[in-house]
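Quick notes on the structure that follows.
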Amino acid sequence: MVSINIRPDEIGSIIRKQIEEYIQEVKVVNIGTVLQVGDGIARIYGLDEVMAGELLEFEDGTVGIALNLESDNVGAVLMGDGLTIQEGGSVKATGKIAQIPVSNAYLGRVVNALAQPIDGKGQISASESRLIESPAPGIISRRSVYEPMQTGLIAIDSMIPIGRGQRELIIGDRQTGKTAVATDTILNQKGQNVTCVYVAIGQKASSVAQVVNTFQERGAMEYTIVVAEMADSPATLQYLAPYTGAALAEYFMYRKQHTLIIYDDLSKQAQAYRQMSLLLRRPPGREAYPGDVFYLHSRLLERAAKLSSQLGEGSMTALPIVETQAGDVSAYIPTNVISITDGQIFLSADLFNAGIRPAINVGISVSRVGSAAQIKAMKQVAGKLKLELAQFAELEAFAQFASDLDRATQNQLARGQRLRELLKQSQSAPLSVEEQVATIYTGVNGYLDILKVEQVKRFLVQLREYLVTNKPQFGEIIRSTKIFTEDAESILRVAIREYTELFLLQEK
C-alpha cells in the first residue's frame with residue numbers, strides 16, 4: 001500500500017494562487033418584462049436605468065427604442081412587426097443609443113433606416129460608426145453660405161439660387177413635380193464632387209425603384225446613397241430614415257466634402273411620428289401632431305451646414321420636401337418647415353396643369369441666401385429676369401379685362417410669354433451654367449421677340465447645341481472666369497444672330 005504524503009503548505013499555496021488569479025466578472029444586465037405589445041409599441045416593466053432613446057433587445061431579436069420613461073413603465077417603439085414578442089417576455093437594455101456604420105462603401109447602394117443594404121448586392125464593409133442623432137454644428141463651427149449649388153433648372157438657378165450649406169424647402173401639392181426637381185438636382189451634380197443622399201420616406205416601392213433606375217441610367221448612382229423606407233415599413237423606421245440619411249451625409253461633410261441630402265418627404269415622417277406618439281399616449285396638439293413635432297424637424301434640418309475653414313469647409317445642403325393639401329401652405333407642418341429653412345420653392349398644381357414645368361411659382365418662392373449663392377455671370381444676366389416676369393404677371397392679370405392695349409403693353413406681354421417659355425425644361429435634362437446664361441441673355445435682350453411663342457423652346461434647344469459645336473470658347477470663358485465678360489457677350493451675340501438666320505430659313 002502506497003502512502004500518499006500530503007503537504008498542507010503546498011496545497012495551501014496552490015489554493016492561494018488560484019484565489020489570487022480568480023477574476024470575478026459580474027455582468028450586470030438591465031432586464032425588464034413585456035407588459036403589453038401591439039401596434040408597433042411595447043410597454044415594459046422593470047427597466048430601471050434605461051436612457052431616453054436607448055436601444056432595447058427583445059427575446060425574438062427585435063430591436064426597440066425606449067421613448068417614454070414613465071414612473072411605472074417604459075414605452076418603447078419597435079423596429080419591426082413585433083408579431084413574435086409575447087407578454088411576459090424579457091427585454092434587455094443594450095446601453096447603446098441608435099447608431100449606424102458609415103463608410104465610402106455606401107456610395108451607389110440602397111439601404112434601409114438601419115443602414116442595412118436592401119439592393120441585394122451583399123454586405124457593406126464599414127469600420128466607423130456614427131450616432132443617428134448627432135448634435136448640429138454650433139455657430140463657431142459654421143461660415144456663411146457663398147458657393148452655388150447648381151440645380152440645372154433655369155428658374156431656380158437664376159431667381160431662387162441655392163448655396164452649398166443652405167436648406168431650401170420644396171413644397172407643393174402631390175403630383176406637381178417635387179421629386180423631379182430634387183432628382184434633377186442630383187443628376188446635375190455629376191462631375192461636381194458632390195456626394196448625394198436621397199432619403200425616401202413612406203413612398204411606394206415602385207416610385208423609389210423608378211428613381212433608383214433613373215440614377216443608374218444616368219450614372220448618378222456612383223456618387224449617391226439611397227436610404228429608403230417604403231409605405232409598408234414600421235412607423236419607427238420611417239421616423240428614423242431622415243436621421244440615418246443625415247448621419248451618412250455628415251460622415252462625408254466632416255471629411256471636407258460637399259454633400260446634398262434630399263428628404264422625400266417630411267410630411268410622411270411627421271405622420272409616422274404622430275402615429276408613434278399617439279400610440280404612446282402622448283398628448284396630441286394641433287392637427288393631432290405631438291407638441292415636439294417642430295423639434296423633430298428642426299434638429300434634423302439644423303444639421304445641414306457650411307463648415308468653417310478650421311473644420312475643412314465641407315458642406316451639407318438639405319432639400320426637404322413637404323406635401324401640401326390643395327395648396328394650403330398655412331397648415332402645421334408646412335409652416336413649421338418654412339420657418340426652419342432658408343427659403344422655399346413653391347410648386348403650383350395650376351402651373352403644372354397649364355404645361356409650365358417645372359411648375360415653380362416664382363412670385364412666392366424665395367431664397368434667403370440670395371445672390372451670394374450665384375456666380376457673377378449669372379448675377380449679370382438674371383437680375384432683369386425676375387423683374388420682367390413679375391411685371392408680366394401683373395400685366396397679364398390686368399390684360400384680361402382690358403380690350404385695347406397700347407403697343408408698349410402688347411410688346412411687354414409678348415416678351416413675358418417668351419420668358420415664361422424659356423423657363424420650361426424637360427425632366428432629367430439639367431442645364432450647365434453657361435447654357436443657362438446664354439438662354440437667359442437671349443430672352444431678356446429681346447432676341448426671342450421675333451419668334452412665335454411655340455417656336456421658342458425648340459429654338460433655344462438648338463441654339464445651345466449650336467453654341468457647343470460652333471462657339472465652344474463661350475462656354476470655356478464662363479467656366480474658367482465665372483464672369484460674363486465682354487468677349488463672351490460678343491461671341492454670344494454673333495452666335496445668336498447667325499443661328500436666328502439659320503432657324504428662320506429652316507422654318508420657312
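Residue 1 is the first one shown; counting continues down the chain.
Here the Cβ of each residue, glycine as well, is placed from N, Cα and C on the backbone.
Look at Swiss-Prot and you will find Gly172, Asp173, Arg174, Gln175, Thr176, Gly177, Lys178, Thr179 tagged as ATP binding site, backed by sequence analysis. Within the same chain, the residues at least 6 positions away from Gln175 (ATP binding site) whose Cβ sits under 8 Å from its Cβ are Ala349, Phe352, listed in sequence order. For the recorded site, Gln175 (ATP binding site), the DSSP three-state label reads coil.
Under the heading site 'Required for activity', Swiss-Prot lists Ser365. Taking a C-beta cut-off of under 8 Å and a sequence gap of six or more, Ser365 (site 'Required for activity') has these contacts in its own chain: Met159, Ile160, Gly343, Gln344, Ile345, Phe346. According to DSSP, Ser365 (site 'Required for activity') is assigned to coil rather than to any helix or strand.
Take the CB of Thr179 (ATP binding site) and look out to 10 A: across all protein chains shown you find 22 other CB atoms.
Ranking the binding-site residues Gly172, Gly177 by C-beta neighbours within 10 Å puts Gly172 at the top. The residues near the ATP site, meaning same-chain residues not in Gly172, Asp173, Arg174, Gln175, Thr176, Gly177, Lys178, Thr179 whose C-beta sits within 8 angstroms of the mean position of the site's C-beta atoms, are Glu323, Leu347, Ala349, Phe352, Ala359, in sequence order. With the fewest other C-beta atoms within 10 Å around its C-beta, Arg174 stands out among the binding-site residues Arg174, Lys178. In this structure, of the binding-site residues Asp173, Thr176, the smallest number of CB atoms within 10 A of the CB marks Asp173.
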